[in-house]
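Only one structure is covered here, and it is reproduced in the block below.
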Amino acid sequence: MENNLFKIHSDYKPTGDQPTAIDSIVKNIENGVKDQVLLGVTGSGKTFTIANVIERVQRPSLIIAPNKTLAAQLYSEYKKFFPENAVEYFVSYYDYYQPEAYIKTTDTYIEKDSSVNDEIDKLRNAATAALIHRRDVIIVASVSSIYGLGSPDTYRRMTIPIDKQTGISRKELMKRLIALRYDRNDVAFERGQFRIKGDVIDIYPSYMNNGYRLEYWGDDLEEISEINTLTGQKVKKNLERIVIYPATQYLTADDDKDRIIQEIKDDLKVEVKKFEDDKKLLEAQRLRQRTEYDLEMITEIGYCKGIENYSRYLAGKNPGDTPDTLFEYFPKDFLLFIDESHITVPQVRGMYNGDRARKESLVENGFRLKAALDNRPLRFEEFREKSNQTVFISATPGDFEVEVSDNHIAEQLIRPTGIVDPEIEIRPTKNQVDDLLDEIRKRAAKKERVLVTTLTKKIAEELTEYYIELGVKVKYMHSDIDTLERIEIIRALRKGEIDVIIGINLLREGLDIPEVSLVAIMEADKEGFLRSRRSLVQTIGRAARNVEGRVILYADIMTDSMKEAITETERRRKIQKEYNAYNHIDPKSIIKEIAEDLINLDYGIEEKKFENDKKVFRNKTDIEKEITKLEKKIKKLVEELDFEQAIILRDEMLKLKELLLEF
């Protein structure tokens, strides 16, 4: 295993309270502290701080972000900091994903439908390959990292080291490539394939941009080269040694195949008999037919569609055992950094239950063996058990993070640019729309941008239409806007094609925009999850990357949440201004280049939500029960800080209340 040192490449040195935060975190890691928090305000350089921590402690690191877009931003930043080291990207590789599901009430089976992004698949494979052969690895991941993967032991065991001196026969190489799930294709040469032309074998590894060429004389290996897969030209000649890693993490080793097939057959027999005993003959027939087809495929080629549902057998685990995940590919001393932990931790908490509910229906109706339930994300307690030493990163850490960190909290309130938290002004809600229009025009004249947050989608859309009629360059952004369109809207704002974004929850990805000098919060006194202390502090922070940053709260009363958010912001402003005065710092706005496509890695669209069949309400009682049910769900989502989903359910609940008036 290679053991290169982590080395930061940057023109900057830690400044402000970055050095103190770095020293504190490093000391806690070296002293074996399991959990700690980096409480860093927006624009304080938290990523640079963590990069310095990694360089100081020299340990492999996993950084988990709450979504693909933020993960892509972090990946780009860490790649620049560590060009000599293995910085990898591990997120869901689906451009589109409709999970397999069964709706019993309508007897509807929905087959898994997905589109895999080849580039992201390559990056995922590069991540696991890097962990096998080197220690200087940083992997930036989304919560996909807590989903089951194939066994790392099988993955390691099946890699193919090829040495020019000792060689490997053509027949043996082909056999092992097929076992590693490489397909032979002598016509179209794509990633995860190999081709044979006479005495030449070309391999296109699943984790590389280039490929390898092995030239034989009979069965004697004469030369190993790295090639351009498009032109076939040699990029590097006379390589002494290469290693071919698997094309996927889900593998069936030949010496395990008999065991795997027998275990599946045994479980199939038991589960079919149970259905037959319960007089569920359709389910019994369905399960037998589907599983026997999969068994035939595994027997012939070591693989079948949906093989992840048999991952428990592949890994040799017992029912209910914790699945192998990306965590198992790391050495035991790895570090875990959870970015935007106030969002990411609740996400991790909720993953298991959502996945379980969908799969139970498939198992109960004979579409899958019970083993499919073990192809799952980690439970939260399993996630915590697998996590080694953890640093939670957030401007507003959740109660859980603060509690488990036991006062090991490093505050980072000073920005390298000297920018202080924005001034907050409270204005009455009367005439708020026209008052805000004046403020928008002032900012637009100075080529500055504005973010506006409302309480509902309807208000966001109506306000946008009203301002467009008055000549304002504005767009709205809410949960109906898909990931790619969100990215384009943000990019348009940064480039000045629009001056204003109006949205509901402006805490989501990509909204740390230096050009924004005003954040307006409409109806700030409507106490609720979108106007909680934590939400307000986060939203206020959106104006903290511009030296002219201001926040207007439109409110007629002072809520507890407003008071707490304003008090916290004033505390930070005081510390920041004192630091600037003492060090003679003149604040400067953050300068951030506008990428051509903002994030060229984020081709992906978030997983499509699975919708139940529409309910039919026959009386007022049915509607009232559904409203009560939704209220409980909303409360739970708010506790988990899943505001986007809470908003969707809140809107559903409002429609039901309108429907109730019609009875």
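Glycine is treated like the rest: Cβ placed from N, Cα and C.
Around Gly45 (ATP binding site), the same-chain residues six or more apart in sequence whose CB sits under 8 Å from its CB are Gly16, Gln18, Gln412, Arg415, Pro416, listed in sequence order. Annotation comment: Swiss-Prot describes Gly40, Val41, Thr42, Gly43, Ser44, Gly45, Lys46, Thr47 as ATP binding site, evidence class sequence analysis.
For 27-414, the entry in Swiss-Prot reads domain 'Helicase ATP-binding'.
According to Swiss-Prot, the feature domain 'Helicase C-terminal' maps to 432-594. Summed and averaged per residue, pLDDT over the domain 'Helicase C-terminal' (432-594) gives 89.
Sequence-distant neighbours of the domain 'UVR' (624-659) (same chain, 6+ residues past either end, Cβ-Cβ under 8 Å): 342-343, 346-347, 349-350, 398, 456-457, 478-479, 504-505, 507-508, 529-530, 534-535, 615, 617. Summarising the annotation, Swiss-Prot assigns domain 'UVR' to 624-659.
What Swiss-Prot lists as motif 'Beta-hairpin' is 93-116.
In the three-state DSSP scheme, Gly40 (ATP binding site) falls into the strand class. When the binding-site residues Thr42, Ser44, Thr47 are compared by the number of other CB atoms within 10 angstroms of each CB, Thr47 has the fewest. The residues near the ATP site, meaning same-chain residues not in Gly40, Val41, Thr42, Gly43, Ser44, Gly45, Lys46, Thr47 whose C-beta sits within 8 angstroms of the mean position of the site's C-beta atoms, are Thr49, Ala395, Gln412, Arg415, in sequence order. Comparing Cβ neighbour counts within 10 Å across the binding-site residues Gly40, Gly43, the minimum falls on Gly43.
Secondary structure at Gly45 (ATP binding site), taken from DSSP and collapsed to helix, strand or coil, is coil. Counting residue by residue with DSSP, the domain 'UVR' (624-659) contains 33 helix, 0 strand, 3 coil.
Sequence-distant contacts of Val41 (ATP binding site), defined by Cβ-Cβ distance under 8 angstroms and a gap of at least six in the same chain, are Ala395, Gln412, Leu413, Arg415, Asp421, Gly541, Ala544, Arg572.
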